[in-house]
Protein chains: 2
Amino acid sequence: MPLPRLSRYLPILSWARTYDRDTATSDLVAAVIVTIMLIPQSLAYALLAGLPAEMGLYASILPLVAYALFGTSRALAVGPVAVVSLMTATAIGQLGLSEPADIALAAVTLAFISGVFLALLGVLKLGFLANFLSHPVIAGFITASGVLIAASQLKHILGIDAGGHTLVELVISIGEHIGETNLITLVIGIGATAFLFWVRKGLKPLLLKAGLNRRLADVLAKAGPVAAVVVTTLLAWGFGLDERGVKLVGEVPTGLPPLSAPSFDLSMWQTLLLPAILISVIGFVESVSVAQTLAAKRRQRIDPDQELIGLGASNVASAVSGGFPVTGGFSRSVVNFDAGAETPAAGAFTAVGIGLATLVLTPLLFFLPKATLAATIIVAVLSLVDFSILKKTWVYSKVDFTAVTATIVLTLLVGVEIGVSAGVLLSIFLHLYKTSKPHVAEVGLVPGTHHFRNINRHDVETLDGVLTLRVDESLYFVNARFLEDLVLERVAKCERLEHVVLMFPAVNEVDMSALETLEELNRRLAEQDITLHLTEVKGPVMDRLKRSHFLQDLSGEVFLSQYDAWCALKPGAAEGSERERVAAQ
Amino acid sequence: MPLPRLSRYLPILSWARTYDRDTATSDLVAAVIVTIMLIPQSLAYALLAGLPAEMGLYASILPLVAYALFGTSRALAVGPVAVVSLMTATAIGQLGLSEPADIALAAVTLAFISGVFLALLGVLKLGFLANFLSHPVIAGFITASGVLIAASQLKHILGIDAGGHTLVELVISIGEHIGETNLITLVIGIGATAFLFWVRKGLKPLLLKAGLNRRLADVLAKAGPVAAVVVTTLLAWGFGLDERGVKLVGEVPTGLPPLSAPSFDLSMWQTLLLPAILISVIGFVESVSVAQTLAAKRRQRIDPDQELIGLGASNVASAVSGGFPVTGGFSRSVVNFDAGAETPAAGAFTAVGIGLATLVLTPLLFFLPKATLAATIIVAVLSLVDFSILKKTWVYSKVDFTAVTATIVLTLLVGVEIGVSAGVLLSIFLHLYKTSKPHVAEVGLVPGTHHFRNINRHDVETLDGVLTLRVDESLYFVNARFLEDLVLERVAKCERLEHVVLMFPAVNEVDMSALETLEELNRRLAEQDITLHLTEVKGPVMDRLKRSHFLQDLSGEVFLSQYDAWCALKPGAAEGSERERVAAQ
């Protein structure tokens, strides 16, 4: 049966067979709405990425078709998105290029590397690597990126030349050039921003109140950016605003995307490799989380490894058609879903819409003020900014708070790449650090039960001459030595100690380093005539211990439950009679 | 009380106050024996590090005094050691220097950076970072280094010019030059090696049989290398072997170490920084593990953070007196301990011995064949080589086996720095990977007890309509999504399910990402009219959950013990009457 294998890599084979007219209609409606959103967004994100406007359109055609073939999400809308566009700008900025053709080539190459990397991860089924980004780190990174993106667009609102890839650089550069502000541009920029905020918050309730049905009100509210584009373009054309210093999009070539090929220049690859990997990972995480959320609402499932292949194919498609890195965006995907998209075909229909736009609309874009595009970006990204993650993590976990704070601060002050890398590494390090000094509780019997709890938290009974410690962590190289020191220290504080019982219900692993430590501990305690027992050792850990000499050398016993140990070590318990050696369990 | 604070950083203050004649005698005897070992070793390790012989002597004077002032181990013998010398050669090799003065300056600089780094870690109390090197990785690294060191000395045994920093490079280079082998050198080299092996294995039993007392037999056995040095030097002098192509140590300046200062050239620091960090960490791990082993034998303790300061001071002392990186060596420390050293003063006495050697013995070293030194190195390091760690880890844990294999292979084939770095990173990654797919067991009641175990391993009772899962891992960002998927998958397989109970005795942490996943799981189960309960949630985890909304939103309850949950969910249990909400525990 070759078909199931093929449909694993080509999910289209599974949904296309049952595709019918009703589904097509739903997909088509969704596609129209997404196209209306995507035209200004694609132009704006190209601007954000430091690329010519048409590249935004090119990145919104073939990549959508590629995802429709290879993707598993029924509602994901692929294309240029804000955070990835910002990271693209940063990555290309590192090359220090000035020729527009070189910059475009770098963007295409970045998309290519990113696409190949994503597809490779997918084929190797390494999608789980995205889990190494914790939720707070992602939330912090998105928030900081939103602030950075908004700040980077201020120059277009003011109509000045300014630059920089960090918040400080941006603020200083804007400060230096603020005297050159073009007032007409500023009016257009602020007007468009205010209008778009109003559309987002105030228009829909108004339309509903006026008696429009919900779907139409939705569509009209989504068309806000298009209205802003049309009105400001007409103003610029009517009043000849380009002659009054208002910066316009200018000439945009008409026609479908050209064929393009990435550069294979080694030094360019060396510079772009790490940024491409970060762009891939961030893009994948954003995309897969929205895809998963939407799939869950309809009780569907997505396959993260196949998603990697889908996004990889999209980026390779972007690279061969003059685009730049793309991924599944949050806002357009939600709109696509709400508008009723049922299959990835909706994405293909959107691609047709954008294709038509490149054939028909491009001459009209000449008079579009850049300030309008900046306004659409600012309004879009400010909805991503949510500092509440700081408060949430502060209350819940200082470790998470530290990671998210570092991510936000470093992203804003040093840059997106350092910010997200530091967040990931710090959260891993802090996790390991926490496990390096595990919580160890002395426990006793909760009266009337067979249950043992911390003597400091619960009113429990203990036995004379017996120290029972519950080890609240897997034992591995990072904390092996710590446990040995801690047990010996506690033992040194007790008088007339005969037994040490280590309760292992929370020990999910005992690696080679920890095994050596346990052997050493057993030996050191035996020297002091103290017997070492283990209780509640889990099956997988026990299986492993049986492969070593430890169980033979252990001075005491391994009890199935802590209560068994209690009964056996209780004064008066007949030596050995109640003890059950469970080495054979 | 300024004294306790000062004595924290100057441990000498605590032992010097009770220093008496008996202790001095013990220390002196040990110092004499260690000096006899150290003279040939220090020359040999300088050769291994690619440095002039006198630098080995210089690295064995002031550093020992510095450690005596700042170190906490009573028996550690500081000075040049094999692995650190090899790493020094590799690090300096990267600078591509040819002038002897430049090479010496680089060695001094490396010792300085390493010393400052170690002292800094000590002051910041970051000694625990050494725990990130697992035992198998260290064992594998030492073994591979031993092989590499022995291979690097073959050229001296053969009397040829050959080079290289990896096993392949060394073998190829020796192969190319093997035709140039000097037969007299080869005879001396093989003779010295065979003699030293015999001294190590066969001499002591012979001496004991001859009626010598144990201590004298020990001293004579340790003096083997000195005998080899004396005999081969006499041979070289008597037969004028230098004129027959035997390479000799040559001119060694007479006199105490010169004052020296590290270079502060930025590009040299950039190249040496990472090697210096690796040398520091490896040196510290080797040193602290032997110090800990020896301290435990006399029921003493060492302070790892103060050890960092002691070793840091030693390396800075080495840098200002024309030496190279040093650490506490395994073999000399054991000898020092066995010979009766009671305080770090033994090290200071050894320093005096080596100081005398620089004043008196250096002219005699002119005729010492390099092949003899190479023989002492080979015999010393082959005792470090122990491939049994491969077998041990293979049997016990494939994860540890993978890490140790990677360390050995990469150290031999790519180099010491890549080898040990890869070992550390791989062991951390594999640990995280293992926790990313935690073991989750369905459990039931062991009849006649209050204890719950895996239904696949034990004969247990379960309740209809209740799925009880024991989660065998802390929940954090790396495995949060995995748990959600796994629980929903198991739930999908059950019919008429009413309750899901998650048993948390092994959950030592629930971070922000995992909390969000639990909230999502609670919501998704509620949609299917399934109640989610938690049991045996540990105190620290419960404290944290109480700071979130999760406990309010939870559809079910948190039971103190799994048995409580069993009683409450058992058919016939009066709804609510037996249930105890333990949110207030």
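Backbone N, Cα and C atoms are what each Cβ position is placed from, and that goes for glycine too.
Features reported for this protein in TrEMBL:
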type	residues	note
TRANSMEM	B:28-49	transmembrane segment
TRANSMEM	B:55-70	transmembrane segment
TRANSMEM	B:103-124	transmembrane segment
TRANSMEM	B:136-158	transmembrane segment
TRANSMEM	B:178-199	transmembrane segment
TRANSMEM	B:219-239	transmembrane segment
TRANSMEM	B:272-296	transmembrane segment
TRANSMEM	B:308-326	transmembrane segment
TRANSMEM	B:346-366	transmembrane segment
TRANSMEM	B:373-390	transmembrane segment
TRANSMEM	B:402-430	transmembrane segment
DOMAIN	B:456-555	domain 'STAS'
Close approaches to the transmembrane segment (B:402-430) from elsewhere in its chain (Cβ under 8 angstroms; 6 or more beyond its ends): 83, 86-87, 90-91, 132-134, 136-137, 139-141, 143-145, 147-148, 165-168, 274-275, 278, 282, 389-390, 393
Range from B:136-158, B:178-199, B:219-239, B:272-296, B:346-366 with the greatest count of C-beta pairs under 8 A to the transmembrane segment (B:55-70): B:346-366
Remote residues contacting the transmembrane segment (B:272-296) - C-beta distance under 8 A, at least 6 residues beyond either end: 72-76, 78, 81, 83-84, 87-88, 90-91, 94-95, 106, 109-110, 113-114, 117-118, 121, 127, 129-130, 133, 138, 141-142, 302, 304, 307-308, 311, 315, 325-330, 333-334, 337, 416-417, 420-421
Summary of DSSP states over the domain 'STAS' (B:456-555), given as helix, strand and coil counts: 45 helix, 19 strand, 36 coil
Overall pLDDT of the domain 'STAS' (B:456-555), taken as the mean: 91
Same-chain residues near the transmembrane segment (B:346-366), Cβ under 8 Å, at least 6 residues beyond its ends: 26-28, 30-32, 34-35, 38-39, 42-43, 53-54, 57-58, 60-62, 64-65, 67-68, 71, 75-78, 233, 248-257, 336
Tertiary contacts of the transmembrane segment (B:178-199), as residues 6+ beyond its ends and Cβ separation under 8 Å: 156-161, 221, 224-225, 227-228, 232, 235-236, 241, 244-247, 369, 371-372, 374-376, 378-379
